[in-house]
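The active site, proton donor annotation in TrEMBL covers D243. What TrEMBL lists as substrate binding site is R53, G54, A55, R90, Q203, N253, K254. Residues or ranges marked as site 'Transition state stabilizer' in TrEMBL: C164.
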Amino acid sequence: MKINGIHYRSVWLADDGHTIEIFDQTKLPFEVQIIQLQTMQDVATAIKEMWVRGAPLIGAVAAYGMALAMRQSSNDENLQHAYDTLIKTRPTAINLKWALDRLYQALENVEYSLREAIAYRIANEIADEDVELCRKIGEHGLNIIQKYAAHKPAGEPVNILTHCNAGWLATVDWGTALAPIYMAHDAGINVHVWVDETRPRNQGGLTSFELGSHGVPHTLIADNAGGHLMQHGKVDLCIVGTDRTTARGDVCNKIGTYLKALAAKANQVPFYVALPSPTLDFTVWDGVKEIPIEERAGEEQSHVYGINPEGTRSWVNTAPQGTTCGNYAFDVTPAEFISGLITERGVCEASAEGLQMLFPDLCKQQP
Ligand code: MRU
């Protein structure tokens, strides 16, 4: 990803080789601020408060959190404490557990003096792997976009609707849903993106920031606009990300994704979901019944964060004082609404059979 022409990842090691650096995503798109995480507790706060967010990035940053913990103290008690603290930061994205399990299993039977170095090595591997997984998702998704581009009249863009932010800010680089879009744009395909605002946390602002930095034409829309655009033939396809994908192909993504999928189905608009394999949870079958949905503070619903013409950033209350707010962060889109899952191994049907075909090695835990 490039900001002002400089290539960054969304998480990286500082020059001292152990401090973790990230962008404070709560400040974006108004301010690009890099912050340093020095302790496991800093990492827990960064994930909980959404300084970093997006399923794959949460996993990668949590892995570095385990490394920082081992630097602080590498005994068994601290290993368990770090795992228990980090796993509680956010409940829905399975990448968090996936990364923490990988670290825990690699460290539990290793002597204390080796743990810090091993933890950093694995955290680096997870970050590098994520970049590669997303790059491959981009290539497979590009084939899909090319298909739609081939049927567009000359000069007309392929219009793609996306929800939330599933770009490089949500991963270590490239993104999931946005990777195919970047690759299509770079390949000279005329693409235009409808960006859902994604209240209450306005991740659409992050997506607009990313697409703008990359020069991809896009339009930010209210969350309720998608159905109208689909009815009028202004959306060729939807591509979204996912925080957890079940054994039968249900996906759990940012609140509002389900409504977009319903509207897409009603209007015969293809609805694709892009995901790296660490987002798969073969222990879960029925996403609606089984996936824990994060509920966040009501203030995120009653307030919006923005910048005024003088450049002052602040939270503004939009609800009557004392209003009870519900803030459900995710919803589940059942597999039947999904046209295809775009993974690093190719595109498959959103079904148990489709996933088993692409991931025979991973689906062994299927219930
Ligand atoms: O609450 P967030 O911002 O962490 O939610 C992020 C999403 O819902 C993304 O769409 C999802 O993590 C897929 S990102 C590659």
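The backbone N, Cα and C atoms fix where each Cβ goes, glycine too.
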Statement: Reduced DSSP state (H/G/I helix, E/B strand, rest coil) at N253 (substrate binding site) is strand
Message: Counting other Cβ atoms within 10 Å of each residue's Cβ, which of the binding-site residues R53, R90, K254 comes out lowest?
response: R90
- prompt: Rounded to the nearest angstrom, how far is the Cα of C164 (site 'Transition state stabilizer') from the Cα of Q203 (substrate binding site)?
  reply: 5
Statement: Surrounding the recorded substrate site, with Cβ no more than 8 Å from the Cβ centroid of R53, G54, A55, R90, Q203, N253, K254 and those residues left out, we find I58, A93, C164, N165, A166, A170, G241, D243, A329, F330
Statement: Across every protein chain in view, the count of C-beta atoms other than its own within 10 A of the C-beta of C164 (site 'Transition state stabilizer') is 29
Query: Where does R90 (substrate binding site) sit in DSSP terms: helix, strand, or coil?
result: coil
- line: Close in space but at least six residues away in sequence, with Cβ under 8 Å from that of G54 (substrate binding site), the same-chain residues are S10, A93, N165, A166, L169, A170, T171, G241
- prompt: Do you see any of the recorded positions A55, R90, C164, N253, K254 whose C-alpha is within 10 Å of D243 (active site, proton donor), and which ones?
  reply: A55, N253, K254
Statement: Those recorded positions among A55, R90, D243 lining ligand 1, judged by a Cβ under 6 Å from any of its atoms, are A55, D243
Query: Does anything in the same chain, at least 6 positions from A55 (substrate binding site), have a Cβ under 8 Å from its Cβ, and if so what?
result: A93, I94, N95, L96, A170, G241, T242, D243, R244, T279
Query: In DSSP terms, helix, strand or coil for R53 (substrate binding site)?
result: coil
Query: How far is it from K254 (substrate binding site) to C164 (site 'Transition state stabilizer'), counting Cα to Cα, in Å?
result: 6
